[in-house]
Amino acid sequence: MSFFDMFGPMFDPEGGSNRAGRQNPRKPSNDDPIILNVETDGGDGPQPSSNVPPKRPSGPRITSKPNRPRKPSNGSKIFIGVVLALAIVIGLFFALAQFVTDVMWYSQLGFQSVIWTQLGTRVGLWLAYAVLIAAVGFISATLAIWARPDAADGSTIRVNGDTIEIGKSVSSKSARRIAVVISLIVGLVFGSQFNANWSEILLMFNSQSFGTKDPQFGIDNGFYVFVLPGLKLIMSAVSLLLLAGIIFSIVTHVLMGGIRITMPVNGHGLFRITKRARRQIGIWLMLNMFAWAANQVLGVFSHLTEEGSRITGATYTTVNATIPVTFIMAAITAILGVILGLWIMKSHTLEGSAPIAARASEALKAWKVPTVAIASAIVVSLVLTVAWPVLLQRFRVNPNAQEMESTYIQRNIDATRAAYGLDKVKAEQYKATTEGEEGALADSAESTAQIRLLDPQIISPTFKQLQQSKQYYTFADTVAVDKYDVDGVSQDTVIAARELDLDGLDNRNWVNDHTVYTHGYGVVAAYGNKVTADGQPKFFEAGIPTQGKLTDSEKYEPRIYFSPNATEYSIVGAPEGTKSWEFDYPTGSEGATNTFKGDGGPKIGNIFSRLLYAIRFGSDQILFSNRVNSNSQILYDRSPKERVAKVAPYLTLDGRVYPAVVDGRVKWIVDGYTTSDAYPYSQMTDLGEATKDSTTESSDTVSSLNSKNANYIRNSVKATVDAYDGSVDLYVWDQSDPVVKAWEKIFPGQYHQLSEISGDLMSHMRYPESLFKVQRELLAKYHVSSANQFFSGEDFWQTPVDPTESQQAQQRDILQPPYYLTLQTGGSSEPVFSLTSSYIPAGSSTREILTGFLSVDSDAGHEKGKIGSSYGTIRLQELPKDSNVPGPGQAQNNFNASADVSKELNLLESGSTNVQRGNLLTLPLGGGLVYVQPVYVKSSGSTSFPLLKKVLVAFGDQVGFADTLDEALDQVFGGDSGASAGDAENVGDTTDDKQDAKNDDSADGKTNTDGKQDTPSNTDGKTGGNNGDSSGTMSADLKKALDDAAQAMKDSDAAMKKGDWSAYGDAQKQLQEALNKAIELEQ
């Protein structure tokens, strides 16, 4: 059976085979079917056609008649059809449910333009390209059908000795129908690939000027970032259209007889192209070659972002060989297209039948023009694109590389600094001393008083044990560092939100998971530089209900419905007058309840909405539960980062989301970046690799950026997500960024302007960590401003590995993270909240000395709508090349090598306790660099938590180790540092250390499957965790244990000063016993 025997009935109601049997001998016309030959080995080859068509065989001539399979019955056909129809309907309904609920979600947030713009663009591109490719295919096929010869035989192939026809007669009308169907199928398939690049098209039509031009062609950088990617996409689409056109043309001509190919039989074969077919194919070929040439021209501009062995961008060989050759090859490609196209259109040697040997001989003569043209183009291409650049690089550039590449290296330096925001770095020489003198910190008293001792990663378990209250709450495994005004003084603060953790529930069911336990409660904040006498964080905001310095406002809303840990959907809202069933917070009885009053999610009061969400989440409870009522809302996609990613999918989001109390509400702050990989000459960087460090490797809360190459980045957007109602606000932060300006045009009304940021919110806008990590990665090389010095690479630096990590992690080059600290650096008149890091020499040298200290001012100020003047100022303090200031790794080694430190740490680690070393901070103080590292002690019990017990300090090669930072600083600065670190009060009687916030007593508050609260087993009003209050409510046993611990600490200090290590060991043992007793009583 031939191809058209099978598919002919789809286009001819009477069937192709019946029509063939009715055919009468007459002069063929344009609508006559084409006769395709069926030959055997015994024939003499194809015979010339005559006016009377030969009788057509019903199929290929074969020796045995195959058994035909039984046709399915009508009942089976109907059943299969019904099943397929149901599957399609169900699939469409599920897709509809997903789409409609997405529209409801975006509409509720006020970002419906995002989904409609995306959908409209993607569907529009898909349909436009599908129509174009279908139109091209249809036109190409129609032209080929129109050009069919008046009389023609078909083409044949030979299979296993039999000559088989590859087509059967078909009318022009049927052929057009086939062309329409195939064209549409091809168009829809390739159109779906084209719509994925919707953002490039939108940016091209909303392009902005950068105001700077590339140094090679003098074109505005906006052309490369916005226009060029779109042009490349369009040219790729055009190339595919033209390729489809020529393929449709050739295939249709073969089927219509315009091209006839018969396999050789007894040495005879046939290859023939009609004149009209030659013209069409020649034109299509020229168009394809022109498109190829245009793509080559566009490729020239890509050389400016091409990654080389040393830099990104066009180097000497590229500029002087590759780029000119590309223009030459584009011209050659276009000329070759003309030559080949004209030859095909005018050649008369492609007709007639002849033996294969004769045909080969004729072909060599007849095809001389295209053969010579193609061969010449290949030779020229090899010489120009391969040999010439290699020879130029080998014999001219390499021997004089520094001189010949300096211009292009300088271009790379300048462009990289501009693209990464490094062009305004304030660098200064810092001649650091390593000799600590008495009173050296007198001029740095304010910075010294703000040195943060609490490690945000180590103290997370402490937060959980002291403030979690119940097992269904949790805190981030790395708490955030921010600053707050407490009693009129700016304080470095560690802060975390008490998030809901459904995994902690004992009684998991649909009612509890989705209607009862719906939210977390409040934030917990502690001083960054203060602890209690027993080493616990000193909270100034804590407890349930929350009390403290941050939430004394009556309008404070503590409930946390939206948070990184809220992964399940919740259904909230109840009719007026109905008793609340949402669990609010634990109390001494059944627990307080609450009903959500905000506008946080799509309303699902009607049956249609409930049905849609039941399908989306695969839960019939949404349809049938009484908890779903006319006032119900469904909250989902509750992670702040996820919400911002959905409303601004074109942004790259920072790896850390942090909470802040702003104007009486808890807000999650998310930093958004605009990026590009098309900034001319700027160095390409893998953002994922550049933002990895020890924190991202060990934390579930903090992550690196997604791995992708970029050579331009700006922190253009600050986003906030309200923890209560999930509302998202996007603020244009960098108003000079052309990329965010383009997105503002694409999504008008989506952004708030800088002037709309309140003063309270402004005070919590920090310089983002991921951007700083990318910048420090680049600045390790690009602090070098001279092309010649850059070429030598002798002054390149690197970020040190984290010396507090395990040996295995250090071998994997896990980098030290940057740290937020309040300090005073060169050029600043007073201490500034800053993000800091340090540098050591690049390479594998074992001598790890400090080469530079990097900081960026992270305080955005507190004025409404105005960013602080120093915010974002990057300061680099470069140490002299002959400096011997230890780097972080060497400082850690000095700590480890100290006999006194090792002895005390061994004593602390004896028994059932473990020592944990906190973050190693580097601070420019006292004319040099001070290293500060808190030391925590943690017992081995499952409910234990780290307590700050000691502080390590290093200055030069001098090491201090004491109970407080004050004492440790005094040890390395001649007995008196001249400044107070503010933590001397941390050592003393625990009865004098009162927390600033209390935890209300709470019960389990579990809920049964029917939604009613279980009667709590703990009804004595006491919580299972520390309430942060060491006042009169403390039990007598607990007070005695803490008093014993305080006395043991005093005995330890006295023994250490006398050098009586035996007494010191006894005191430490007593201290551990007292702490274990206190912890046991606390639990």
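All positions are counted from 1 along the displayed chain.
Positions of Cβ are set from backbone N, Cα and C atoms, glycine also.
According to Swiss-Prot, the compositional bias 'Basic and acidic residues' annotation covers 991-1013 (among others).
The compositional bias 'Basic and acidic residues' annotation in Swiss-Prot covers 1050-1060 (among others).
Taken from Swiss-Prot, the feature region 'Disordered' applies to 1-72 (among others).
Summarising the annotation, Swiss-Prot assigns region 'Disordered' to 976-1061 (among others).
Among the features that Swiss-Prot reports, transmembrane segment is placed at 78-98 (among others). With a threshold of 8 Å between CB atoms, the same-chain residues lying at least 6 positions outside the transmembrane segment (78-98) that come near it are 72, 611-613, 615-616.
Counting residues 6+ beyond its ends, the transmembrane segment (125-145) has Cβ neighbours under 8 Å at 172, 175-176, 178-180, 182-184, 186-188, 190-192, 194-195, 197-198, 201, 237, 240-242, 244-246, 248-249, 252-253, 256, 258, 277, 280, 284 in the same chain. Here Swiss-Prot flags 125-145 (among others) as transmembrane segment.
Look at Swiss-Prot and you will find 178-198 (among others) tagged as transmembrane segment, backed by sequence analysis.
Tertiary proximity for the transmembrane segment (239-259) is limited to same-chain residues at least six positions away from its ends with a CB under 8 Å from its CB atoms, namely 34, 132-133, 136-137, 139-141, 143-145, 147-149, 152-155, 166-167, 170, 172, 175, 179, 182-183, 186, 190, 272-274, 276-277, 280-281, 284-285, 287-288, 291-292, 295. Look at Swiss-Prot and you will find 239-259 (among others) tagged as transmembrane segment.
With a threshold of 8 Å between CB atoms, the same-chain residues lying at least 6 positions outside the transmembrane segment (281-301) that come near it are 140, 217, 219, 223-224, 228, 231-232, 235-236, 238-239, 242-243, 245-246, 249-250, 253, 273, 323, 326-327, 329-331, 333-334, 336-338, 340-345. The feature transmembrane segment is assigned by Swiss-Prot to 281-301 (among others), with sequence analysis given as support.
Tertiary neighbourhood of the transmembrane segment (325-345): same-chain residues 278-279, 281-283, 285-290, 292-294, 296-297, 299-300, 303, 369-370, 373-374, 377, 380-381, 384-385, 388-389, selected by CB-CB distance under 8 Å and a gap of 6+ residues from either end. Annotated transmembrane segment per Swiss-Prot: 325-345 (among others), in sequence order.
According to Swiss-Prot, the feature transmembrane segment maps to 372-392 (among others).
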Fill in the blank from the handout: With the cut-off at Cβ under 8 Å and a gap of six or more residues from its ends, the chain residues touching the transmembrane segment (178-198) are 7, 11, 118, 121-123, 125-138, 141-142, 145, 170, 233, 237, 240, 244, 248, 252
